[in-house]
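Enquirer: For reference, the structure I am asking about is given below.
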Amino acid sequence: MERILLCFIVATLVAISMANPRPISIDPPCWTCYYRDSSGNCAFDAIACGGARKRVPKPISIDPPCRTCYYRDSSGNCVYDAFGCGGARKRVPKPISIDPPCRTCYYRDSSGNCVYDAFGCGGARKRVPKPISIDPPCRFCYHRDGSGNCVYDAYGCGAVRK
């Protein structure tokens, strides 16, 4: 019984192959990722060739590509893309302010004045900067007295106290 079934399957396969013989082709086979189109030319098959790992060639564009952090808008101009440029590591440019920034340990209050911030100034290890003085510093061996004048200081300049 098995022999009869096996002979029947073989006879069926032979009959099918005889009914649809392969045409004899004069053209050589196409390369990998190519197929023969209706005109007989080898054409690239981007969809069936290698799946996602195969890169499809980009279409040729008349416009050159935009620089990093820029994209081409609908009118064809390169426009800066602040949000899509490098993620969180990329700093967005700060808005231009008319007021200059406050010094260290100071902050700008609601009226626009720089106010000293004792609590937010780095703790005990942070030295508070000295206030800016209009008077220039005194020369070596001199110090500024209570009236703001530079006075010679003999003891602060290597003299021996009695």
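Cβ coordinates come from backbone N, Cα and C, glycine included.
Pulled from Swiss-Prot, these are the listed features:
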SIGNAL    1-19  signal peptide
DISULFID  C30-C42  disulfide bond
DISULFID  C33-C49  disulfide bond
DISULFID  C66-C78  disulfide bond
DISULFID  C69-C85  disulfide bond
DISULFID  C102-C114  disulfide bond
DISULFID  C105-C121  disulfide bond
DISULFID  C138-C150  disulfide bond
DISULFID  C141-C157  disulfide bond
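Show me how these features fit into the shown structure, please.
Expert: Cβ neighbours of C30 (disulfide bond) (same chain, under 8 Å, six or more residues apart in sequence): R36, C42. According to DSSP, C30 (disulfide bond) is assigned to coil rather than to any helix or strand.
Just so you know, the Cβ of C33 (disulfide bond) picks up 13 other Cβ atoms within 10 Å once every protein chain is counted.
Cβ neighbours within 10 Å of C66 (disulfide bond), excluding its own Cβ and spanning all shown chains: 15. Annotation note: C66 (disulfide bond) sits in a coil segment as assigned by DSSP.
DSSP assigns C85 (disulfide bond) to coil in the three-state reduction, outside any helix or strand. Close to C85 (disulfide bond) in the fold, though at least 6 residues off in sequence, lie T68, C69, each with a CB less than 8 Å from its CB.
Cβ environment of C102 (disulfide bond): R108, C114 lie under 8 Å away, each six or more residues apart in the same chain. The DSSP secondary structure for C102 (disulfide bond) is coil.
The secondary structure of C121 (disulfide bond), as reduced to three states from DSSP, is coil rather than helix or strand.
For the recorded site, C138 (disulfide bond), the DSSP three-state label reads coil.
Non-local neighbourhood of C157 (disulfide bond): F140, C141, each in the same chain, at least six residues away, with C-beta under 8 Å from its C-beta.
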Enquirer: By a simple count, how many Cβ atoms lie within 10 Å of the Cβ of C49 (disulfide bond), its own Cβ left out?
Expert: 14
Enquirer: Based on DSSP, name the secondary structure state of C49 (disulfide bond): helix, strand or coil.
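Expert: The three-state answer is coil.
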Enquirer: Sort out the residues at least 6 away from either end of the signal peptide (1-19), same chain, that have Cβ-Cβ distances under 8 Å to it, and list them.
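Expert: For the signal peptide (1-19), the list is empty: none.
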Enquirer: Under 8 Å between C-beta atoms and at least six apart in sequence, can you list the same-chain neighbours of C78 (disulfide bond), or say none if there are none?
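Expert: Result: C66, R67, Y70, Y71, R72.
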